[in-house]
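Feature annotations, courtesy of TrEMBL:
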- 29, 55, 105: S-adenosyl-L-methionine binding site (BINDING)
- 109, 141: substrate binding site (BINDING)
Ligand SMILES: C[S@@+](CC[C@H](N)C(=O)[O-])C[C@H]1O[C@@H](n2cnc3c(N)ncnc32)[C@H](O)[C@@H]1O
């Protein structure tokens, strides 16, 4: 089953994600590519553990879903997100039995190591989301990234490292076969938490059923308000938590109002959200985050509603109420 960020809870639970098998062990695979690992690996258990797979590539997501369906693995959730966002926002503290990373992108060029997944802050986050006795398995062909990951795990201060043989299924992934055909070997390590670590969840919330808590504002527009052009607006949180870019403003033919398109970037998460500006019966206008696209409500998304409101104030609107 493919689940979008907006359909998760923050944090979520096995009871909700795997209602028929909530008691089974829970495995997260990061960067599953075309999804070959899990159908192989799941067979090595008497009962397939609950599986959570996270990928950045939408094409990979569809390929993997086909493989999991063909293997009859119905207690599997796939999602398209950066792994650290999923771990931080969605996975509960101490929720996972295992995290698997097979052939992560090595970012080999000098100066690109900041893009690597397995850095010390990530190991701390992973340790906080693993159960006691849980582990993180890394298999890679890349000598330098392997040494880098081991050094970062030590630097995190919360992970012990053992080198070992990889699980057989890790040698059957698309990238494993690619490196094997080139005659290259692989490295494998098992990282286990050595200390209890707390990494708080962020402030993400699902779009509420009760629309009264959706970020909004009520304002009175000047009678002459009829925008004909729109210049991009960029706002940054002084603390660096988010950047909001208002990209465009569209007239609504159906509702006699407008819709602003905003790009919101915060802590690894990027969302494109729509903010509606619609007339109300009493002559005021409602500025409100639209449900379209399944947005997750975060401080950056609230800031996008505030930015639209501020832009309207700059064009003569008088704000009656702020709900963000
Ligand atoms: C080199 S491929 C390996 C794919 C697969 N594990 C295999 O062994 O064939 C790395 C994969 O990780 C995904 N990826 C990279 N960074 C990621 C991140 N931050 N979160 C989730 N997936 C990521 C990429 O989209 C890519 O599919």
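Cβ coordinates come from backbone N, Cα and C, glycine included.
Just so you know, TrEMBL annotations never went through curation; they're auto-generated.
Listed in sequence order, the binding-site residues among 29, 55, 109, 141 whose CB lies under 6 angstroms from an atom of ligand 1 come out as 55. Report note: the S-adenosyl-L-methionine site is defined by 29, 55, 105, and the residues of the same chain whose CB lies within 8 Å of the CB centroid of those residues, excluding them, are 30, 31, 32, 33, 53, 54, 56, 57, 60, 83, 101, 102, 104. In the structure shown, the C-beta of 55 has more C-beta neighbours within 10 angstroms than that of any other entry among the binding-site residues 55, 105. The two recorded residues residue 29 (S-adenosyl-L-methionine binding site) and residue 141 (substrate binding site) have their Cα atoms spaced 17 Å from each other. If you measure from the Cα atom of residue 105 (S-adenosyl-L-methionine binding site) to that of residue 141 (substrate binding site), you get 10 Å. Over all protein chains present, the Cβ of residue 29 (S-adenosyl-L-methionine binding site) has 26 other Cβ atoms lying within 10 Å. Applying an 8 A CB threshold to same-chain residues 6 or more apart, the list for residue 109 (substrate binding site) is empty. Secondary structure at residue 29 (S-adenosyl-L-methionine binding site), taken from DSSP and collapsed to helix, strand or coil, is strand. Contacts of residue 141 (substrate binding site) defined by a Cβ separation under 8 A and a same-chain sequence distance of 6+ are given as 103, 175, 176, 179, 184, 185, 186, 187, in order along the sequence. The maximal spread of the S-adenosyl-L-methionine binding site, taken as the longest Cα to Cα distance among 29, 55, 105, is 14 Å.
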